[in-house]
Every structure is written in structure tokens, then in C-alpha cells.
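In TrEMBL this protein carries:
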type	residues	note
TRANSMEM	88-107	transmembrane segment
DOMAIN	88-299	domain 'Sugar phosphate transporter'
TRANSMEM	119-139	transmembrane segment
TRANSMEM	159-178	transmembrane segment
TRANSMEM	190-209	transmembrane segment
TRANSMEM	215-243	transmembrane segment
TRANSMEM	264-285	transmembrane segment
Amino acid sequence: MQTLLSLSHSPSTPHFPNFTPRPKFLPQFHSFNTFSLPPSSPLQLTAIKSSPFFISSPKLASFRLLAASISDARSDEPAKASGLVKTLQLGAMLALWYLLNIYFNIYNKQVLKVYPFPATVTAFQFGFVSLVINLIWTFNLHPRPSITGSQFATLLPLALAHTLGNVLTNISLCKVAVSFTHTIKAMEPFFTVLLSALFLGQMPTFWVFSSLIPIVGGVALASMTEVSFNWIGFITAMAANVTNQSRNVLSKKMMTSEEESLDIINLYGVLTMISFMFLVPYALLMEGVKFSPSYLQYAVCVQIF
């Protein structure tokens, strides 16, 4: 650049008062400035300040701005598409969960009507889940957890609450209609807020507290007008709410460190296997061996006649 300026003012060049010489290779400098150097390059900034031959183009600047905005918009499109896919997946999983839950409760009620032994039925359910989770671990569909002694001690009270919650729910299903049991279980958010305040110190906001009022009122109204109302079914459903939400709150309180925490699949699987070991001796002791073919045939006959 200094050489160029010295050439433009050298003694061999004719001097005119109002004339600035323009070299023939000016377009080459303009092209070099525009496309070879980045806009924030120190060399380009120095050249623009020190030389009148480098001229900025407003059209070129607007073209750069438009190109940058187009590239940003295109980069946002995959993120929006992935967010939509995740939302659809979540909606499909929730719908499938509701359908399976409805089928499970209706079929569970039919089984308990024919075979009214809730502890044994719950033990069979725990045993089947234990088999499935072990198959998942065996075929490496999900990583198998490594349970330490401290983790096992932490999981024992959670497994006890898990066991009681499922047994009490099945007892309630034996005594009252499926719809009434799950109307009572709609009180779970109330017990979640209550137990979170007691054990975690998380006080509800005014809006959360206000949203619980219609839930409590609806359950009370349904209980007063329920044709199949039974105190055993009502109390066991309420107790199932307390135990299930105690499990959720205590799992959050006890498993705070990353070393002791388990993901949701492993946590549910390990709790179910421990609950199965808890419940089998109790079911055999309290209800006995009453799943032979002859007894099942007798139970069906009693149910029909």
C-alpha cells in the first residue's frame, strides 16, 4: 500500500491541482477487498482507512446481511422439526399410557372378581415385571445398574411403600368399582403437595393450592353419591394414595447424589424386584396356595352362581 501511494505521488508522475490518479488495476483491488478478506480483517480495516481506492458497497453489505439471515433461518429449521417430532412422540406415549392403563384396570378388576386374593395377584404382577426387566438387562436393551450397599439400604423403604401402594390399590378394586377407586386416586396431587411440604419443605403457591380445591371437592361429591361405596375400598384407596406419593417424595429426598440416583427404568425395575421378594412370603402366609386349577374352577363357579 505504501508503494502504491508513493507511486501515485512520485516525481515522475505529472501533477495536476484537482486530479487524483486512478490506477488501471483498481477493480482488482476492489475484488480482492470484497471477497478475499473477511469484513473484520485488520488488513482490510487498515486498507480502508488509509487508501481512497477501497470503496465500501452498501448493496454488497445488504447482500451479506441477507445471506447470513437466510443461513440462520435454515439452521433453525432442523431444531424446530426435531422439537415437533419430540412433542408428537410425547403425545403418542401419553395416549398409549392411558389406553394401557384403562385396559389394565378393567382386566385387573375382572381377575380380582374371580380370584379375590389381592396380595397373590399383586405378587404375580411384580413377578412378571421382574422377569421383563431381567430380560431387558440380559439382551442389553437398557444398561444394568450396579447397586451398592448404601443404595440398597436407601431403596428398601421405597420398595416397602411401592409394595403397599400396589396391594392397597388391588384391595380397593376388590371392594368397589374401578371408576370409584380411580376417582379416589385422583387425590394423588393433593398428597404430593402435602408430603412435599412435610418432607422437602416445598410450600405450594397460591395457584397450586387453589387448583387442589376442585379436586378435593369432586372426590368428596363422588364419594357421597357412589352406589358401590364401601369403607374398606375408600380407606384402602386413600392409603394407596399416601404410600404411592410417599414413595415418589422419599425417592427425591433420599436419592439426591448422582452416585446413588438411578434412571426411571432401573429404579422401577429394582423396586419391583425387591417388592416381589417382600410380598411372596406375605401372600403365601396370609392367602395360602390358592391358585391351583381346582380352586380356580371352584371360584369361577361361585362367581357365576
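Including glycine, each Cβ sits where the backbone N, Cα and C put it.
Computed over the domain 'Sugar phosphate transporter' (88-299), the whole-number mean pLDDT of the model equals 88.
Only pairs six or more apart in sequence are counted, and the transmembrane segment (264-285) with the transmembrane segment (159-178) gives three or more Cβ pairs under 8 Å, enough to call it a contact.
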